[in-house]
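Residues or ranges marked as active site, proton acceptor by Swiss-Prot: 472. According to Swiss-Prot, the feature FAD binding site maps to 35, 36, 55, 72, 73, 81, 146, 338, 346, 472, an assignment based on similarity to another entry. Per Swiss-Prot, glutathione binding site is recorded for 35, 130, and the stated evidence type is similarity to another entry. Annotated NADP(+) binding site per Swiss-Prot: 211, 214, 217, 234, 240, 297, 376, in sequence order. As annotated by Swiss-Prot, disulfide bond applies to 73-78, with the evidence given as similarity to another entry.
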C-alpha cells in the first residue's frame, strides 16, 4: 500500500510538472495596440515574457477593419483633439494681443487643411514611435484583427484574409471603445469624433449633439476657428458628473465665446438638403448645418472578439467583467482599458496595464487603484478636476464639508479686456482637515491640477495647503491662499429604514 501511494504521488507530481511545462507560442498575447495594450506588452516583455500583439492597419478613422498602433488616444482621440484645441486657441489669442501692443495690420486667415495635415503628420510620427517601442522591447507585432478562440488561443486575420492561430499562457484584451450614434432618423448623415478630426473641409456651420466632454471640446474647437456652433444636450447644464458650479461656468464661457446652447433639447430628425443637413430639435425648431456631430457616448469594442463563445463574462454594455487585478472569469484571460468600462481615460488604461504586467509577470500582484484620478475637459478655457465634486462629497459625507472658492479675473484678461473669470475650488472634510476634492476652470487648469492631484494622492490637509508658499503672480497660488470658508455643508445622516 505504501508503495502504491508513493507511485501515485510521483505520478501526480509528474502530471503537474507536465501541465506547467505546456508549450505556448507566447507567454502573453495582447489584442489591441492602443495605450493600454502597448504598455502591457512592453512592461510584460521587460519582466522577461515572450509577447505578441495584434492591431488593425492604420487609418485616422476607425472601423471594424482599420485602426492603428497607438489606438484611439494617439490616432483619433486625445492627441489630435489637443492639437485642434491649440489651433482654435490662437484666434482668441490674436484678439487678446491687441491691448498688449500687437497690431495685426493684415487680414489673418485660418487654413483648416494646413492644420489637418500637421495633425496627420504628428499622429503618423507617434504611430511609428509606438511601433519602435514594441520592437525595442522585442514584442512581436502582427497586423490584423484578433479574436479569442480558446482560453489559451487567439486567431489573427491578416490583411490578405488569411488566418493564423497562436497559443499563449495569458491573453490580454485591450481593444478600447468605439463612438456610438443614437438611432435617430437620418443618423447616417451625422459624424462621430473620429470623422470630426479628419474632415476634408472646415464646417462653417456645426451642430453638436451631446453634453459630455467630447461634445463641449468640439464646440469650443469649431467656434474658436470661426464656425457657427449650436450645442444640444439633454440636461440643464453640460458635463453631467462634474461639479455643478464648474458646469455652470463652462456653460457661461461657451456662450461668452459665441456657442449657441440648447439645454434640455435633443434632435429628432436629420435630412439632407441643398442648403446642408437640416435638423429638427425635440422642440420642433429647424436648423441647417454643414456638419452634425453625434458625441453621445462610446461603447466597449468587444463585439467581434468571440469572448462569450469561450466563456468570458460581459456586462450589458458589452464591457469585459474583471476583478481587481483585471482578470476575467477565465483565469488565462485578462482585460484593461475602455474595454472594461471602468474609468475610460488613457492614463487609467496605462495604470491598469502596469498593474497587470506586475501581477502576471512581475511577481508582484498589484490591484488597480482609482482614488483621486485627475481629468480635464479641454474646452476653451479648460476645466480640470481631481477627487470629489461638491455634490459627491455631500453624498458620501460622514461629517461636515467645507467649501473654499476663489473666482477672479486673471491678470492677462485685465489687460486684454476679455470678460472671462477663472474659478478655483477646494472641498475639505472638516473633521480630518483633508482636501478631498479640487477643481479649476480657467487657463492652464490641466497643468495646474496635475500638481494638486499629487497632493491629494498623498493625503494633504488644508493646513498643509495653507502653509505652502505660493508662486506669485500666478493663478496657481490661489490654491494655497484660500483662507475663508465659502460655505459649510452640515452632515445630514440618512434616515434609517427597515425596508
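Cβ coordinates come from backbone N, Cα and C, glycine included.
Annotation for residue 130 (glutathione binding site): spatial neighbours 33, 38, 69, 70, 74, criterion Cβ-Cβ under 8 Å with sequence separation of six or more.
Sequence-distant neighbours of residue 376 (NADP(+) binding site): residues of the same chain at least 6 apart with a C-beta under 8 Å from its C-beta are 382, 383, 384, 385, 445, 446, 449. Between the farthest pair of Cα atoms in the FAD binding residues (35, 36, 55, 72, 73, 81, 146, 338, 346, 472), the distance is 54 Å. There are 8 other CB atoms within 10 A of the CB of residue 472 (active site, proton acceptor), with all protein chains counted.
All protein chains considered, the CB of residue 214 (NADP(+) binding site) has 23 other CB atoms within 10 Å. In sequence order, 70, 71, 73, 74, 337, 346, 349, 350, 353 are the residues of the chain that are 6 or more apart from residue 35 (FAD binding site) and have a CB within less than 8 Å of its CB. Listed in sequence order, 72, 346 are the same-chain residues at least 6 apart in sequence whose CB falls under 8 Å from the CB of residue 78 (disulfide bond). Of all the Cβ atoms in the protein chains shown, 29 others lie within 10 Å of the Cβ of residue 55 (FAD binding site).
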